[in-house]
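Per Swiss-Prot, these features apply:
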- 111, 168, 288, 321, 368: substrate binding site (BINDING)
- 166: active site, proton acceptor (ACT_SITE)
- 191, 193, 194: Mg(2+) binding site (BINDING)
- 191: N6-carboxylysine (MOD_RES)
- 287: active site, proton acceptor (ACT_SITE)
- 329: site 'Transition state stabilizer' (SITE)
C-alpha cells in the first residue's frame with residue numbers, strides 16, 4: 001500500500017520545523033529492497049514509526065492524522081531521508097511527566113528496523129527541540145566535580161589520569177586492591193572494567209572494602225585525592241541500588257570520590273536512569289560495551305556513534321566512553337571529535353543538525369582503548385583540548401617500570417602537551433616518560449622517528 005500521500009510532505013522546510021519547536025527530527029541512511037520505490041518505502045517507514053501500519057484502519061481519526069510522523073526530505077541518490085516526529089508521540093512518565101529514551105528508541109529505531117521493504121536503515125543524527133529537551137534528566141555531575149575533588153580549577157582542569165585494572169577478570173580481591181593502590185601512587189582515577197562485579201572468585205563486598213582501604217592509604221601517602229569508578233550494573237534496579245549504597249557506605253568520608261559505572265548499552269536506559277535518579281550526587285560513568293554491534297561504520301542498521309552519545313547526554317550520563325578517534329586500538333577516525341564536542345558543548349554541529357543543549361549540563365568524554373603516553377599528544381592535538389578522563393590499562397600496567405611509572409608517564413605526557421614541548425624533549429628530563437618510549441617502542445618508532453638517538457637508547 002502506497003502511504004506517501006499521508007506520510008510524506010516534501011514541502012515542509014527544516015528551518016520551519018525547527019522554529020516551530022514541536023518535532024523531533026531524525027536523519028537516516030535508508031535503502032529499500034529491490035522492487036520497492038524510495039519515497040513509498042520512506043512513507044511506510046514513517047507510518048510504522050508513528051501512527052500507521054500496513055493497512056488503513058477504521059479507528060484512525062483527524063487527531064491521529066495530526067500526529068503522523070512525516071518524511072520531509074529525501075535524497076534517493078545519497079540514500080538520505082529525514083523524518084519529523086511530533087513530540088506528542090513520545091511516551092512520558094506518569095510520575096513526573098519526564099520524557100524517556102526507551103520511547104525515543106521504540107519509535108525511531110524500533111519496528112522500522114525489521115520491515116520487509118527496507119534493505120537497511122541507520123539513524124545518523126537527530127534534533128531535539130528546546131522545550132522537549134527539558135523533559136530529559138541530563139547530567140547531574142561531570143568532570144568539573146572530579147576536578148573539585150582533585151583540588152583543581154573547575155574550568156579547564158585538564159586530563160584526569162586514569163586506568164582500568166587488568167586483567168579484566170581473574171584477579172581476586174586483594175591483588176585487585178593492591179593494583180589499585182599501586183596505580184594511585186602516580187595516577188588519579190581507576191575504573192572497574194565493564195565485566196567486573198560480583199564474581200565467585202572476587203566477591204563484590206570483599207573487593208570494595210579492600211579498594212576503599214587502598215584509596216585511604218594512597219591518599220595518605222601522596223597527600224592527593226583519588227577517584228574510583230565502581231561497576232553497579234545489574235538486571236535488577238534493586239540490585240543496582242543495593243550495590244551503590246554499599247559502596248557509598250563503605251567509602252564513607254571518601255564517598256564523593258566515587259563514581260558509579262553502568263554498562264549503559266547492554267543494560268539499557270532503565271539501568272542508566274536507575275543510577276541517575278537514585279544517586280544524583282554521584283558521577284554516572286556510562287560504559288558503552290557492545291555498542292559496536294549497532295554503531296559500527298560497517299553496520300548499515302541501527303544508529304551511529306553520534307546518536308548514541310546524544311542519547312547518553314539526554315539520559316544523564318556524567319561521562320561516557322567516546323573511543324580514541326583513531327589514536328588507540330578501537331575503531332574510529334579523527335573526524336569523530338564531533339562526538340566529544342556534542343557531549344561537552346552548549347551548542348554543537350552534527351552531520352545533519354545543530355543541537356542547542358540549553359541549560360543541560362555537559363557530559364564528559366572518557367578516552368580509553370589502547371592509549372599510552374606516546375599517543376596522547378596527537379589525540380589532544382586533534383581534539384583541541386585535554387579536558388577528558390583518560391583511562392589506560394596497558395598504557396599504565398604495561399610500562400616496563402610498573403604502574404606507578406606508567407601513571408606518571410601519562411601525567412608527564414599531558415604536561416608536555418600543555419607546555420608545548422615535544423615529547424622526546426620532555427622525556428630527557430623525566431625518566432617515567434623516557435621509560436614509556438622503551439615500553440611502547442613500536443609506537444615510538446612510528447610516532448617519533450629518531451627517538452632512540454635523542455634519548456640515547458640502544459635498539
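The first residue you see is number 1, and the count goes up from there.
Here the Cβ of each residue, glycine as well, is placed from N, Cα and C on the backbone.
Recorded features from Swiss-Prot, shown on the structure.
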residue: 111; record: substrate binding site; DSSP class: helix
residue: 166; record: active site, proton acceptor; DSSP class: coil
residue: 191; record: Mg(2+) binding site; DSSP class: strand
residue: 287; record: active site, proton acceptor; DSSP class: strand
residue: 321; record: substrate binding site; DSSP class: strand
residue: 368; record: substrate binding site; DSSP class: strand
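When every Cα pair among 111, 168, 288, 321, 368 is compared, the largest distance found for this substrate site is 36 Å. Put simply, of the binding-site residues 111, 168, 288, the one whose Cα is nearest the Cα of residue 191 (Mg(2+) binding site) is 168.
The two recorded residues, residue 168 (substrate binding site) and residue 194 (Mg(2+) binding site), have Cα atoms 8 Å apart. The shortest Cα-Cα distance from residue 287 (active site, proton acceptor) to any of the recorded positions (111, 166, 194) is found for 194. Among the binding-site residues 111, 288, 321, 368, the ones whose Cα sits within 10 Å of the Cα of residue 194 (Mg(2+) binding site) are 288, in sequence order.
Annotation: 368 carries the greatest number of neighbouring Cβ atoms among the binding-site residues 111, 368 [cut-off 10 Å, Cβ to Cβ]. Using a 10 Å Cβ-Cβ cutoff, residue 168 (substrate binding site) registers 13 neighbours.
Taking the centroid of the Cβ atoms of 191, 193, 194 as the Mg(2+) site, the other same-chain residues with Cβ within 8 Å of it are 164, 165, 168, 192, 195, 196, 229, 231, 261, 287. For residue 288 (substrate binding site), the same-chain residues lying six or more positions away in sequence with a CB closer than 8 A to its CB are 264, 265, 308, 312, 320, 321. Just so you know, of the recorded positions 166, 191, 287, 321, the Cβ with the fewest other Cβ atoms around it within 10 Å is the one at 166. Spatial neighbours are here defined as Cα atoms within 10 angstroms of one another, and by that definition the neighbours of residue 193 (Mg(2+) binding site) among the recorded positions 111, 166, 368 are 166. Other Cβ atoms within 10 Å of the Cβ of residue 194 (Mg(2+) binding site), summed over all protein chains shown, number 20.
Taking only the Cα positions, the spacing between residue 166 (active site, proton acceptor) and residue 368 (substrate binding site) is 13 angstrom. Residue 193 (Mg(2+) binding site): 20 other CB atoms within 10 A of its CB, across all protein chains.
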